[in-house]
Amino acid sequence: MALPGSSTVFLLALTIIASTQALTPTHYLTKHDVERLKASLDRPFTSLESAFYSIVGLSSLGAQVPDVKKACTFIKSNLDPSNVDSLFYAAQSSQALSGCEISISNETKDLLLAAVSEDSSVAQIYHAVAALSGFGLPLASQEALGALTARLSKEETVLATVQALQTASYLSQQADLRSIVEEIEDLVARLDELGGVYLQFEEGLETTALFVAATYKLMDHVGTEPSIKEDQVIQLMNAIFSKKNFESLSEAFSVASAAAALSENRYHVPVVVVPEGSPSYTQEQAILRLQVTNVLSQPLTQATVKLEHAKSVASRATVLQKTSFTLIGDVFELNFMNVKFSSGYYDFSVKVEGDNRYIANTVELRVKISTEVGITNVDLSTVDKDQSIAPKTTRVTYPAKAKGTFIADSHQNFALFFQLVDVNTGAELTPHQTFVRLHNQKTGQEVVFVAEPDSKNVYKFELDTSERKLEFDSASGTYTLYLIIGDATLKNPILWNVADVVIRFPEDDVPSTVLSKNIFTPKQEIQHLFREPEKRPPTVVSNTFTALILSPLLLLFALWIRIGANVSNFTFAPSTIVFHLGHAAMLGLMYVYWTQLNMFQTLKYLAILGSVTFLAGNRMLAQQAIKRTAH
């Protein structure tokens with residue numbers, strides 16, 4: 001039987017909030033991303049290099065160029081048999097096209113073999129070896145390895161090392177490739193970690209993606225697991241697939257190559273778990289649907305998906321465990337209609353098994369289970385303060401409005417009691433938001449109170465006019481009482497017009513302007529009173545001290561007049577003039593410092609003037625000494 005204030009449908013909301021424990025993929029290629037990547041690669045050919053990026057990049061994604069025959073003709077017509085790079089692009093592109101065979105001469109073969117030398121760059125060696133492999137020509141792998149190792153010792157860049165890994169994947173398994181394989185561990189040590197989520201080279205996305213593709217291709221070739229931790233693989237994956245739009249063909253090609261390597265190799269296949277469909281279900285369809293794919297959003301239908309446990313976030317109690325998902329088409333489904341979940345948040349631990357290559361295969365899903373709230377036992381009461389009169393109680397049923405009005409004044413209080421229950425299980429609920437709003441029908445004033453439950457989860461709101469007059473500004477009148485109930489786990493938040501309440505405050509407490517009060521009128525201007533200035537001494541005092549300071553100068557002039565001033569040794573040499581002008585300028589600078597400049601500005605100017613004055617004075621005194629010596 002449905003409770004009052006409820007509907008008969010129980011709704012669940014399942015929302016993936018976050019993975020809070022193990023490191024899981026945050027970026028991968030959705031089906032839309034894969035199509036966008038294909039569109040980035042499917043461009044008109046402008047050169048043999050662009051043809052290589054388009055053809056081989058699309059091939060990595062399991063696609064082909066629209067016109068294979070036309071592409072093959074373009075490769076043959078643009079091939080330069082005397083250029084190693086051109087031969088590399090042609091050989092690799094023709095391999096990715098069905099029925100596109102390119103024949104080369106012995107001279108071209110000799111050119112490629114000659115390029116496999118320690119005098120060539122690592123890139124040239126890589127292109128030559130890959131071209132020979134693409135054309136199906138024999139190669140002395142051990143000699144090529146020696147040339148590659150010698151050259152790599154001279155080129156220690158990340159890109160050169162990645163190209164060395166790519167080269168080694170074309171060499172014979174009989175060759176001793178351990179020295180090249182060991183470079184993988186060194187490259188991993190050079191990766192930069194960002195926020196514990198991303199891992200990449202400072203050289204950028206393209207180099208990082210090529211490293212991933214080259215590493216797994218080489219490891220598949222030699223049959224050894226790469227020295228990369230599972231968490232590092234996920235961090236590399238997050239960095240590579242965080243970018244969705246590509247500036248160049250080469251960048252799109254590198255991402256496609258990395259995606260192909262991570263989706264199919266012998267050691268590490270990251271698992272992507274994504275919820276499917278609408279987050280809301282009826283009780284008859286309480287089914288969690290998950291898409292389990294690789295990084296290219298290709299379904300892993302051969303996998304086995306199990307729920308390890310489902311725990312309540314609030315109580316940490318386990319409510320469901322060791323339950324298998326069922327594969328329906330490409331989607332894994334978990335039917336938990338028979339389990340009575342109370343509303344709230346749950347942590348679902350899901351594990352994907354069936355292949356020992358799977359990594360990031362344990363996923364924590366935050367699941368929100370929502371329900372509908374029912375309001376029961378709603379009582380409205382007026383309680384006499386002196387308790388001389390028995391309380392008057394009226395029961396009202398949601399969503400009806402109580403008939404008549406209720407009065408709260410200096411003689412009696414108004415009280416509201418109610419309970420909140422889960423309409424599906426009948427369990428008591430305590431939503432996060434339970435408010436009582438009182439709206440003045442005349443002035444529009446609103447006052448909101450929080451309704452709190454007691455120990456028995458019975459909500460109570462009591463209005464005592466003597467205690468609440470400040471909230472209401474002592475504004476008497478008829479108020480509409482609303483009950484507001486909300487929570488993230490509720491499917492039916494409630495705004496209920498419960499009753500009309502007449503609130504009367506004592507006349508002495510009512511402000512004369514309460515109804516005409518306008519809170520948006522300009523406030524009274526603030527007149528700031530500054531501190532009274534300190535009393536200064538009389539002018540005669542300051543003048544007296546000024547005269548005392550100037551008295552030595554007056555004495556100097558008096559003595560000059562009496563005994564005479566000897567200026568016979570003064571010359572008009574540049575050093576003499578500059579010295580006296582510099583000295584005067586420094587005295588003037590002191591005045592400017594006093595009136596305008598700060599200490600640091602003054603020191604800067606003083607350093608310039610002082611240097612010039614010092615040099616000029618030194619020159620002037622030297623000339624005076626020479627003059628005395630001559631006489």
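Every residue, even glycine, has its Cβ placed from backbone N, Cα and C.
Source: prediction; values computed, not measured.
Both L236 and W594 are recorded by Swiss-Prot within identically named topological domains, on the same side of the membrane. Of N106, N566, the one with N-linked glycosylation site in Swiss-Prot is N106, while the others lack that note in the record, though it may still apply to them.
For the topological domain 'Cytoplasmic' (562-571), the list of distant contacts is 623-624: same-chain residues at least six beyond its ends, Cβ to Cβ under 8 Å. Outside the transmembrane segment (597-617) by six or more residues, the chain places 574-576, 578-579, 582-583, 585-586, 589 with a CB less than 8 A from a CB of the stretch.
Beyond its flanks by at least six residues, the topological domain 'Cytoplasmic' (618-631) meets 569, 571, 573, 575-576, 579 of its own chain at Cβ-Cβ distances under 8 Å. Sequence-distant contacts of the transmembrane segment (572-592), counting only residues of its own chain at least 6 positions beyond either end whose CB sits under 8 Å from a CB of the stretch, comprise 602, 605-606, 609-610, 612-613, 616-617, 619-620, 623. Within 10 Å of the C-beta of N106 (N-linked glycosylation site) we count 7 further C-beta atoms, all protein chains included. Looking just at the topological domain 'Cytoplasmic' (618-631), the mean pLDDT is 82.
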